[in-house]
Structure formats: C-alpha cells, structure tokens
Amino acid sequence: MGLIEGQDVARIDSKAAAAIASKVEDYDALVHDAAEATHAQEKMSLGKAIRTYPNAILFSVILSLAVVMEGYDTLLLGNFFAQPAFAKKYGHCNAAGKCEIPAPWQSGLTNGSQIGSIIGLQLTGIASERFGYRKTILIALVFMTAFIFIPFFAPNLTVLLIGQILQGLPWGVFQTLTTSYAAEVTPVALRPFLTTWVNGCWVVGQLIASGILRATVTRTDHWAYKIPYAIQWVWPVPIFIGCWFAPESPWWLVRQNRLEDAKHSLRRLAANDREFSDHEADQTVQMMIHTNELEKAAAEGGSYWDCFKRTDRRRTEIACVVWLIQVFCGGPLMGLSSYFYTKAGLPTDQAFNLSIGQFAMGLVGTLSSWFLLRKVGRRPLYLYGQIALFFLMITTGGLAFKADDKSVSWAIGSMLLIFTFIYDLTVGPVCYCLVAEISSTRLRAKTIVLARNAYNIGGIIANILSPRMLNSTEWNWGAKAGFFWAGTGALCIIWTFFRLPETMDRSYGALDILFEQKVSARKFASTEVDMFASHSQASANAHGTSSVDDEKASSTDKVDGVVANTTGLAYKYEA
C-alpha cells in the first residue's frame, strides 16, 4: 500500500480489499455496514457516547479497579524502606541504633514483583486469547487473594521476596487486560477517558497507600506494616463480583468467530434500544469483522512473533518505548517518594505527609488530563509533558547542592510534588491511551504484554539504580539523582518527536491503514484515511467483474457522510 501521489490520503489498496471480499459471504453488505458504523463511531459526540454506552463505562471502571491493588502495593514496599518499624524488623541496624534495609535487598524486593509481572504478562497474552479477558481476570483475582497471605506473615526478607514475586503474577494480568478491555468495550469518544482511568486507578492505589502509611508510621510494633498488607484483602471480592457480571469484549468474540455472542455483548454494554438499536449492533459487528479481516490480510498470524513482523514491528516499538518513557523520565522517584524526602533532609512524618499530597495532586492531574486529551491530542500532550518533566529534574538536581538548608529540602519536596502533577497530567495517563490505540486489534493483548514487559524491564533497571542513588551506604546522591533522570528524559523527548504518531479520533481500521501505508509519525494527524473507496476494485478482483465497466456504470450519492457507489460495491466514509 502507498499514499496517493501528491495527496495526504491513506487508502486501502485493491489487494487487501480483495482478500477481505474473498472471505465474507456478503461483501457489499459488509462494506456498507462497516462504513456506516465507522462514520457513527468517529463522529459520535461525548454526550451521545455516554448516553449510548453507560454499561461499558461502568464495567470498564470496575475492572480497572484491579490496578488499584498494584498501585497500592508497589508504593507500599518502596515506602516501607523509610518506615522505622519495617526497617527494624527486616533491616540491619548500626551502632547508633539506626536501621536500614540494605540496598541490594531493596533492589531485590522491588524487582521481585517486576519479575513476577513479567512472567504473568507473558502467560496473560496466551491465556486471554484462549479463555477471554473476563475469565482470565477472574482467575487472577483468586490467586491474588491467596498470595497476599505470604507478605502478611513473612518472617524474613526471603519469604517477603517470594511473596512479591508471586503477587507479581496476577499483577501481570491486571496491567494488560484492564487496558485492553477498556479499549475494546468503548467507542472512539470514550476511549481516552476509560483507558487513562487505568492510570487514575494506579494513582488512587498510591494515594490510599500513602494515607495508610502515614497513619501507621508512628507505630513501633509489627502492625505498622501488617495493617497496610492486610488492607489488600479489601479489593479482590468486590472486583470479582463486578467482573463476574461483566460482558466479554465484543472484539475478542469476533476474533473467535462468535458473532452472535459479540452482538449480545454489545447490547449489554449499551443502554437500550432507543440509544442503540439492534440494527446498529449488527453494523458495529460488521465494522469489527471488516477491521479484523483487514488486519488478517496484512498479517495472518496472532503470535508474539507476529508483533515483530511487517508494520506490527513499528507498532510494537512505539508501544514499548511509550511505556519505557514512564520509567526514564524520572518516574521511579515517585515510587520512592517518602524515602527520597527523608534523604533530602525532611523528617519521617513530614515525608509521609508530602507523599499524601503528592499522589492527591497526581489524581487531580489524571482527571485534568481528560479535558486536554480531546482538545490537544495524544502526541503534543506526551511531548510537552516530557519537556516539563525534564526541566523539573534539572531543577531538583541543582537544588541538591544546597540541601543542608532546610528551606531547600522543602523546595526539593515541592519539585517532586509538581513533577507528580505534571506526570499524571501527561505522561502517566496518556501512555495507557496510546498503548491501547497503537496496537492492532488482533495483537492488542500481546502488544500490551510486550510493552508492559519493556516497562517492567526498565523498572528492574531503575530499581537497581534508584536505591543506590539514594542509600547513604551506597552512592548517596540524594536529589542529585534528578540529573541522571534528566539525561535519560532528554533521549525520550528526541524519540517522541520523531517516532510518536497522533491517534486521536481514529477508528482502529483507520489506524491499521495509516500504519500499513507507513505514514510518517508527524503526518498521522493531517492524513485523510479512505478505508472503503477502492472496494469496487476489490469486488471486481474477487468476483471477476471488470472494474472499468463498474466505473462507467456507477454514480455516487452522499448520504449521512457515506459516499455510496450505485453499483453497490463501494462505500466511502469522508473524514
């Protein structure tokens, strides 16, 4: 496929369209319904989407709450290192009685969950395609409930490490399928809100953890760290109940050729017949079939290896780097915030107070991003957000040279507060939206698995480096660590400028064509996509009809944004 010469129009070619025509019974009806459903999706207002798909919003929000557990626990462990009771139980104490978890164990514990997540993610990519998103999440919730017992009763660091690894297994499920589910049950207008809500759930978990840690920081007994662990049991049961009643992803059902089940799922996700008729459900299923067949024409397979073939290689690269940017823009400092604050010179109780404010600002940032996503777009928000974070890291590192001044310690803390707000306004939530939209529908779960594993590998590297940067027995950089993350952040900014495309207001089929035709990242927003115009040629190729005769005999009439060829063979949506 290629762009039309002299024009910014990305068009499906006749070979791909002919491949689709050869695999469906009523090609003409498929094209007509797919064109109308695509037009309806891309032109649907936010208000109309909310009225039409309230159940999709509800179930997506409920399933995404599983990420609250991960956000809660990842912050828990990193900040336990600054908790006196935890350090006394599991750490080494010096002659002055000051206890601290050794840096190698800090790295090992934080990396334990990452290693478990990597394994869980790889299994998720296989299990979700075989059993569906819903069943896979239900099984993960059961295992999560069981694995919480291990850190709760852990007598030493070794058992605690085993618990972290095992808890990471179901986290791998939650990291992938909550985003995939949100992307597949909602229309274009709702997609940015429900995918970025996954980041909101992450921040909610961190905020709750900060509050619990602050409430228990003055305790000197073992309940100082056992209470935060026990609170993890609050989440699985209500999420399990909500997931039990949730419909399966209609896109997954189409990929399994369960078309009636896909239609039934759509009807359950929608409000009622007045907002979403039976005919509209049929057309939406046809749109999904068309997109699925379009992707099969480009790449028939659905394995992990297929993520690195042809145009999917570029999509996988973008998804992986987008998630890696969350690590290398300076994000690890947020997970170690209380520990970072104490190393910057603040008292322990004030460090935990700042952590609460930090993640409250993060939640405000995530909610605020909803207003910018539809106005500004994904690419500008991601790029300018990174630039802002770069300057904040430079400033934080510069302040470290006067860290002996108490007012400077508070200034360093303020920088991390502002960093968290900007991060959760831009890089944090937009990442989830981009990763969900960049991947093809057939390889979505596996692409997100690979992208999240890239993030986890980056996290392992950061978890090895960050404690050493801050630990007084190691490099003891303190706030000077900001310079390191500013350097890696600069590389991320360069990549984003040249490689990250804009995906706003594009259907999955339109994105498929833009990638298949190798449109430059900086031209994605300005390129018109013509998904259906060449289908008369495709029908001619598939059925042995002369396309020249078709063109002579046909005329076009525009109805509701769809140009219909009167031969009944081609339908074009005008963007």
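Just so it is clear, glycine is given a Cβ too, placed from its N, Cα and C backbone atoms.
Marked as transmembrane segment by TrEMBL: 53-72 (among others).
The average per-residue pLDDT of the prediction over the domain 'Major facilitator superfamily (MFS) profile' (59-504) is 89, rounded to a whole number. Feature annotation from TrEMBL assigns domain 'Major facilitator superfamily (MFS) profile' to 59-504.
Look at TrEMBL and you will find 137-162 (among others) tagged as transmembrane segment.
Among the features that TrEMBL reports, transmembrane segment is placed at 318-340 (among others).
Positions annotated as transmembrane segment by TrEMBL: 352-373 (among others). If you look at the transmembrane segment (352-373), the same-chain residues 6 or more away from its ends with a CB under 8 A from one of its CBs are 75, 79, 82, 192-193, 196-197, 199-200, 203-204, 206-207, 210-211, 213-214, 217, 334, 337-338, 341, 346, 381, 413, 416-417, 420-426, 428-430, 433, 504.
If you look up TrEMBL, you'll see 380-401 (among others) marked as transmembrane segment. Long-range Cβ contacts of the transmembrane segment (380-401) within its own chain (Cβ-Cβ under 8 Å, at least 6 residues beyond either end) map to 322, 325, 329-330, 344, 369, 372-373, 408, 411-412, 415-416, 418-419, 422-423, 425-427, 430-431, 434, 477-483, 485-486, 489-490, 492-493, 496-497, 500, 502.
Residues or ranges marked as transmembrane segment in TrEMBL: 407-435 (among others). Proximity of distant same-chain residues to the transmembrane segment (407-435), defined by a Cβ-Cβ separation under 8 Å and at least 6 residues beyond the stretch ends, is recorded for 179, 191-192, 195-196, 198-200, 202-203, 318-319, 322-323, 325-326, 329-331, 333-334, 337, 340-341, 344-346, 354, 357-359, 361-366, 368-369, 372-373, 378, 381-382, 384-386, 388-389, 392-393, 395-396, 399-400, 447-448, 451, 479, 482, 500, 503.
Summarising the annotation, TrEMBL assigns transmembrane segment to 447-465 (among others).
Residues or ranges marked as transmembrane segment by TrEMBL: 477-498 (among others).
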